[in-house]
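A short write-up of the structure that comes next.
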Amino acid sequence: RPGGAGMGGSGDASRAVADWRLAVWTLCSVLLPVLITAWCSFQRSRRQLLFQDIFLKSKHNWHYTDLFGQPSYCCVCAQHILRGAFCGCCGLRVSESCLKKAEQRFLCKEIMMRGAGAAPGSMPHHWIRGNVPLCSCCVVCKQQCGTQPKLCDYRCVWCQYTVHDECMVDCLRTEDCTFGEFKDLIIPPYYLSIINQMRKEKRTSYEKVVPYGRKHWTPVIVLANTRSGNNMGETLLGEFKMLLNPVQVFDLSKITPAKALQLCTLLPCNAVRVLVCGGDGTVGWVLDAIDEMKIKGQERYIPQVAILPLGTGNDLSNTLGWGAGYAGEVPVEQILRNVMEADGIKLDRWKVQVTNKGYYNLRKPKVFTMNNYFSIGPDALMALNFHAHREKTPSLFSSRIINKAVYFFYGTKDCLVQECKDLNKKVELELDGERIELPNLEGIIVLNIGFWGGGCRLWEGMGDEPYPLARHDDGLLEVVGVHGSFHCAQIQVKLANPVRLGQAHTVRLILKSSKMPMQVDGEPWAQGPCTVTITHKTHALMLYHSGEQTDDDDASSLSE
């Protein structure tokens, strides 16, 4: 028995040792990846701190990346690199160890020429060696460039021409740059030098200065909201800076549209085009800034506005032919071609005045500017819930798909709860001063454009009933009613028609009692008893792209 007890004790000890070893290995297997990840993060942040000082003082627009998207070679040592820094304006790519040498050796794109010996109205090519775009062709021999696995061939950062090493001759190094395919959109550095000199001499006749060889010069200004929709703004900023003069490209998270649009006053009258990269809210922000230019007496510098849709709904973009959403499927070069080919049209803009009842009229009325639509009812409730959720956790709403899924969730919830029922008993509606008898409704929507709710043609519905044509430049609003969230969903899939209440130049809506959700162009709020008056405010100069459209192309072109 003592021997058996001893054997039992040794067995327990061996099991304890085995359990201890298992615990140690389990702990190691968990901690090791965590430690490796933490060490890599520390090293990366350390590298970024080391480079930060160089990046801030540099004339290049350096960005650091852990992995280049295509085979890349250092412009200094010519070695193949997987990670390093790249310039978002001229396209230089360098390894970490060669960054300081590249800073000293290579010049970036000059937004304004400073050389005293440069001839006015011209400038030479600015060649960068290596890392040419895929599938680019040599301007001399017309053969493909960049096919060898090494640092080879040249690219001009302005005209984007590419040349083989063996085809590069002295005349190409010294000849004047033509600025390539997008010469009518680019603001040449020498033009800004001339304007700068004129400002010093207090001359303001800028319209007489036209870049050499530009018969139809329509410079473009790019305004990108890096916080819109699917967060593609940052990538687009770099791509546009590569193709245009960096001075033409603005990040709206760092500068307001009002300040950015002052560049228009240095350019020819009625010639500038603005490309807004963002959602409908960003477009409205830019159009408000253009209205401020009118107030300042700068009407002759008013630009025409094109849209690259990065938001969630993008109904205004859809109406003007720019599509329901951009996810990188179209090259930036094609976007610029579309801007060049687009036709100018007008867009009605409306004043929405909300006057609260009571308070002895001491409160100032709320005033909004409407481009798309105004609504009261279930769609405004969905927008209100969505915005409240997004303000609490903004990091979750970085994808267009997630945003639409949240809208769908709140729409389904309202189908069950019906928070906006009996709206017809709570409001009165007047169209051009005439009282409208309302049927049983949960929502009223006032439309200025053809699309609503992320791509639905609300006024047309199923298209099986006769209805007056709707336009966005005729000074008329279309007013419809909906029976609830489920009715809205049926209209979106063309299984039902809206309740068409009429068209009018002026819309007046009186909320008699209770608090109801309202929205103007996707900006929602909860509103108590009030009077809402919608009147025509002004026109905006927009650009219409008649190429790629969504469904019902023919009906769209007829109705607009």
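Each residue, glycine too, has its Cβ placed from N, Cα and C.
Because TrEMBL annotations are produced automatically, they should be read as predictions rather than curated entries.
Feature annotation from TrEMBL assigns domain 'Phorbol-ester/DAG-type' to 59-108 (among others).
According to TrEMBL, the domain 'Phorbol-ester/DAG-type' annotation covers 124-177 (among others).
The domain 'DAGKc' (215-356): residue composition by secondary structure is 58 helix, 34 strand, 50 coil, according to DSSP. Annotated domain 'DAGKc' per TrEMBL: 215-356, in sequence order.
Sequence annotations record features per position, and here TrEMBL assigns transmembrane segment to 22-42.
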For the domain 'DAGKc' (215-356), mean pLDDT (0 to 100): 91
Structural state census, the domain 'Phorbol-ester/DAG-type' (59-108) (DSSP three-state): 10 helix, 14 strand, 26 coil
